[in-house]
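Participant: One structure is given below, represented as C-alpha cells, and several questions about it will come after.
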Amino acid sequence: MDPRKIQLPREIYTGPGVIEDTGRICRDLRFEGRAMVVTGPRTLQIAGEAAIESLQAEGFEVDQVTVDDATMASVRNVQDGLDGVSVVLGVGGGKVIDVAKMSATLEGLHFISVPTAASHDGIASPRASIRNGEGTASLEASSPIGVIADTEIISRAPFRLLASGCADIISNYTAIMDWKLAHRLLNERYSESAAALSLMTAKMIIKSADAIKEGLEESARLAVKSLISSGIAISIAGSSRPASGSEHKFSHALDMIAPKPALHGEQCGVGTIMMMHLHGGDWQFIRDALARINAPTTAAELGIDPEYIIEALTMAHNIRRERYTILGDRGLTREAAERLAKITEVI
C-alpha cells in the first residue's frame, strides 16, 4: 500500500470562554506577525471581534475580511489579502470555515477553525464545500492545525444549526454502510479505525439525543466533540468516506434542484432515513433519533416539495459517480424513488 500522510489538528480547545484565549493559542502554535480573521457578516460581532482583540493583545497585527457565501470568488477574495500572513482563522459557520480553510490551503498557510455553530463536520475535516455553477463541490483541503470551539457562543446559536450538525453525524451510519459495500464489491480501500471512530460518534449522538436541548452549553459541547471526531475520521481515512455516502449524494442533488434547500445536515438526516431502508436496516431507528433532537424527518419539515425529493433520489447516483453506494450505477427509477419516500414516510 502506498504511504499516506494523515493530517490532524494539533490543538483542540473546547469550553465556555475559550475564544478569549485565541491569541495565546496562536502564540503556543508558534505563529507571529500578521493574522487573517475571516468572518461572516454576523459572526464578526458574535465572535470575530473577541478573537481579534485576543490576537492584538498578544501582539499580532490583524487583518479581517467578511465573506457572504462559500464560492471560489470568496476564496480568491480572501487569498488576495494573505501576503505576509502567518495564520488564517475562520470565525463563523460552515461557509466561513470552508472559505478560510480553502484559501489557506491554496496559499500553503496554516488554518485555525473557530466555529460559532455546530452545524456540520467541516469544523475539523480536511474537506471544504465550495459552491460552483453546477452546485456544491467537496474539495480536498488541509486539516486545521487548531480548533477553538467556544461552547458558550455555540450554545447561543439557533438550535436548528446544532440539530443539523447532529443529523449530519447520524448520517455516518449509512455512509459507513456504503463504504463497506464499496469495499466488498469493488475492493475500495477501507479503514477499520476511521469507520469505527465515525460510527462511534453517531452512536454517541443517538445515545445522548434526549439530552440535546436548546441553549445548553453541555449540548453544544457534545455536538462539537462529535463533529470534531467525525472530521478526524475523515483525516484518518484520507477521504470523506466515513461521513459521506448515498445520503450526502441525495443532499447535494437537493441543493442543485430545490428552490430553497434546507440545511446540509437536515437534508442528510432525511436522506439517511431512506438510504437505511435501501440497505435493509432499521430506518425507523434513524427517524426516531432525528425526531428526538428536533431535526426534520419529512419533506414538509424540510420545507421542500415532495416532487424535489423524488427527483433528487433519481439523480443522486450521478453525484460523484466514482463513489459507489447503495444507489449503484443506475440509481432509482422514479417509481422506486416515490415508493421509497412514501414507505419511509418522508412524503
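Along the chain as shown, the residues are counted starting at 1.
Note that Cβ sites are derived from N, Cα and C of the backbone, with glycine treated the same way.
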Participant: Need a hand: Swiss-Prot gives Asp168, His252 for substrate, which of Asp98, Asp121, Asp305, Asp329 is also on that list?
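Facilitator: Same substrate site in Swiss-Prot: Asp121.
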Participant: Per Swiss-Prot, which of His110, His248, His317 sits in the Zn(2+) site along with Asp168, His264?
Facilitator: His248
Participant: Would you mind reading off the Cα separation of His252 (substrate binding site) from His264 (Zn(2+) binding site), to the nearest angstrom?
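Facilitator: For His252 (substrate binding site) versus His264 (Zn(2+) binding site), the Cα atoms are 8 Å apart.
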Participant: So among the binding-site residues His248, His264, who's got the most Cβ atoms within 10 Å?
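Facilitator: For the binding-site residues His248, His264, the Cβ with the most other Cβ atoms within 10 Å is His248.
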Participant: Give the distance between the Cα atoms of His264 (Zn(2+) binding site) and Gly94 (NAD(+) binding site), rounded to the nearest whole Å.
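Facilitator: If we compare the Cα positions of His264 (Zn(2+) binding site) and Gly94 (NAD(+) binding site), the gap is 10 Å.
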Participant: Rank the binding-site residues Val96, Ala117 by the number of other Cβ atoms within 10 Å of each Cβ, and give the residue at the low end.
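Facilitator: Comparing Cβ neighbour counts within 10 Å for the binding-site residues Val96, Ala117 gives Ala117.
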